[in-house]
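The structure under discussion appears below in the form of structure tokens.
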Amino acid sequence: MTDLGYSNQGVDPTVLERDGATFAHQAVQYDKDGQCNMAVFYYSEAAQALLSAALAGSQMPGIIEKANEYLLRAEELNKSVSSKLQSTNLEPHKTEQQKDLERAKFLISNALEADEGGNAQEAIELYSEAVELWIKIKQSTSDKSLQDKVNKLASQALDRAEKLKSAVDGPKLPSPPSSPKKRDSKRMPPLGYGAFLDDEEQKGAANRASRPQQQRVSTGLISVGPDGYTKEEIDVLRRTSIINGREYVPFLEVDRKEKFAFPVPFSDKDGKLALSPKQKERFGKWDRPESFCDNPQMIYAISSFSIRQTVVSDCSFVASLAISAQYERRFNKKLITRIIYPQNKHGEPVYNPCGKYLVKLNLNGVPRKVIIDDYLPLSQGGELLCSFSNNKSELWVSLLEKAYMKVMGGYDFPGSNSNIDLHALTGWIPERVSIIENQGTNEPETFAKDKEFKRILDRFHQGHCLVTIATGNLAEVEADRAGLVPTHAYAMLDIREVKGKKLFMLKNPWNHLRWKGRFSEKDMESWTPEMQKALNYDPKSAQMVDNGVFWIDYDSLIHFFDVIYINWNPELFKYTSCIHHSWHAKEGPKKDRYNISDNPQYRLELKSSQPSAVWILLTRHITDKDDFADNREFIAVLVYDTGGKKVFYPYDPAPYKDGVRINSPHYLCKLVENKGNATYTLVMSQYEKNNTIHYTLRVYATCEFSLTKIADPYNTKNEKR
């Protein structure tokens with residue numbers, strides 16, 4: 001291993017060099033044109049791209065010097081516009097006529113796409129709406145050339161709509177009815193829109209009646225279970241679709257074609273989100289980006305360095321956005337941007353002048369659709385009161401945060417952790433590693449310091465995982481002295497081992513306030529010329545700009561931080577399967593200390609002739625903000641080597657893999673099986689059962705396997721739930 005660890009694995013420095021050059025040219029042009037805010041953004045992005053290229057092994061002459069030059073220019077421009085950088089112009093950036101023209105253009109773009117795709121009825125509707133909007137524009141202007149232009153466009157759209165309508169309405173010969181298909185009595189169409197709703201729930205079913213039958217969610221892995229859902233699974237997914245009083249149905253392929261174009265701006269039927277106390281203190285109004293941005297875009301340049309948290313207490317979510325953005329830039333693979341709709345034909349999210357967006361989030365067992373409008377909270381001075389990109393015309397940060405906050409009940413978010421947030425954003429497998437060594441805690445093992453470092457070092461540079469690290473409770477004096485924030489999540493942007501020194505590069509989501517200890521930018525004793533050269537780092541240049549990014553040594557990290565949150569790429573596994581079930585409070589004793597026969601149990605059969613890895617993820621469905629804020633359900637999965645037979649007593653036999661019950665929505669159990677074929681019994685466990693819980697049990701494996709529920713051999717009754 002070289003001194004830089006795995007610096008060249010999975011990263012092409014030439015790609016980063018090209019990014020840096022592209023951003024630099026844009027920055028210089030904006031600088032010449034006097035557009036200081038845009039110049040600051042692109043100078044910063046150019047510098048970060050070049051610094052990343054240097055870390056990845058770039059041999060470009062003078063790359064560090066050029067990056068520092070761009071940073072200095074960005075800081076110089078930033079100071080000249082510091083009073084304006086976080087404020088927005090309260091004067092309208094666009095006239096109503098300009099806004100209507102943008103919406104008409106978007107309507108026609110969507111109409112053409114539907115037309116080319118053979119969706120005649122949808123195309124007719126969109127063409128017609130565009131025509132109505134152009135007529136409105138014509139009536140509102142005295143500009144003869146604009147009137148002639150919209151006249152021509154409206155005429156062309158109307159002609160095409162009429163031709164399509166004639167084709168749709170033409171004579172058709174009827175077909176005889178097909179023979180009725182025999183219905184499967186065991187497995188039902190997913191979620192059964194309307195089929196399993198109570199009378200009072202029928203009202204909301206009408207708008208879902210046309211949604212197709214849902215198959216099990218595709219993960220890109222080989223699914224080893226059945227394609228459909230059982231009636232019980234449908235009931236679980238239906239019940240847990242209502243989160244904080246709003247419904248979030250499972251995301252289907254057809255939702256990629258959701259209607260996003262409208263003649264009037266879209267407004268979310270669920271209304272505005274609840275604001276946090278800090279937002280309320282400064283709140284001025286809700287407004288759309290078209291009113292405070294010169295040229296709104298979804299993404300200018302996906303970057304972890306441009307993300308800034310404000311007054312919303314969602315540091316773990318913002319840290320999750322940062323490392324997801326870094327992964328996209330570093331490995332040139334869509335991760336966070338692929339969940340935002342509408343998208344263009346290249347699968348890239350685009351700005352919608354009609355104001356409607358769909359975000360796909362992994363919630364309560366399956367990906368679900370979250371619909372939002374583009375209203376964002378502004379202060380009385382016009383500042384954004386939500387997380388945002390340093391480029392104010394770039395919207396992806398604010399809109400993703402809004403979608404997640406909507407699910408969580410509003411901007412008055414109780415807080416989370418990055419395991420939960422990253423799983424919602426990416427679907428990557430969450431693992432929690434406690435740094436606190438076994439000091440009166442319930443941790444099953446002491447922290448394996450060297451083993452964990454090597455594991456993260458190896459896997460991070462191969463693109464196998466995303467990592468955030470969180471502080472615990474720190475005394476105010478200690479936190480101020482260290483430059484750290486108590487109970488705060490930091491994004492891990494890099495990890496290195498150089499000359500025996502183990503180092504982490506972290507980012508504070510606030511975009512300012514950095515570590516003050518060893519290997520901080522002011523610790524010139526640790527930053528020897530040799531270390532600076534090895535990591536392509538200039539502490540003197542770093543002192544000039546506080547962007548919240550810093551290096552910290554491993555020993556200091558262990559001392560000040562409490563938890564490492566790792567989310568693993570599910571593509572590390574080839575096979576997967578999941579089951580959605582409920583565990584009713586009335587079943588069995590309140591505590592399973594002496595008897596576990598009523599606990600949900602599953603037979604896991606591994607089919608392999610060689611060693612294999614199996615990860616078991618238990619996810620408890622949460623539907624209420626108070627439950628999320630004060631989670632009192634302590635869960636675990638126990639593994640017994642009993643050949644898949646039902647287990648009646650917790651320690652007879654002793655568990656093959658025991659676990660500590662934790663009050664997190666996610667519990668991960670990892671097995672490394674060396675004997676090939678094997679059959680286990682998986683048992684769900686709670687510390688104390690007070691409420692009915694709904695859950696998803698998902699298994700990932702490198703080998704083929706089967707996962708089935710174990711029935712009670714003594715229960716002959718058919719219970720209806």
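Count begins at 1; order follows the chain as displayed.
From the backbone N, Cα and C atoms, a Cβ is placed for every residue, glycine too.
Those TrEMBL annotations? Automatic predictions, nothing curated.
The feature active site is assigned by TrEMBL to Cys315 (among others). In the three-state DSSP scheme, Cys315 (active site) is classed as helix.
Under the DSSP three-state reduction, His488 (active site) is assigned to coil, being neither helix nor strand. The Cβ of His488 (active site) lies under 8 Å from the Cβ of Cys315, Ala470, Thr471, Asn508, each of these being in the same chain and 6 or more residues away along the sequence. Per TrEMBL, the feature active site maps to His488 (among others).
The active site annotation in TrEMBL covers Asn508 (among others).
The compositional bias 'Polar residues' feature in TrEMBL is assigned to 210-221.
The annotation domain 'Calpain catalytic' is assigned in TrEMBL to 265-570. Mean pLDDT for the domain 'Calpain catalytic' (265-570) in the predicted structure: 92.
Feature annotation from TrEMBL assigns region 'Disordered' to 161-224.
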Local Cβ density at Asn508 (active site) - other Cβ atoms counted within 10 Å: 26
Helix, strand or coil at Asn508 (active site) [DSSP, three-state]: coil
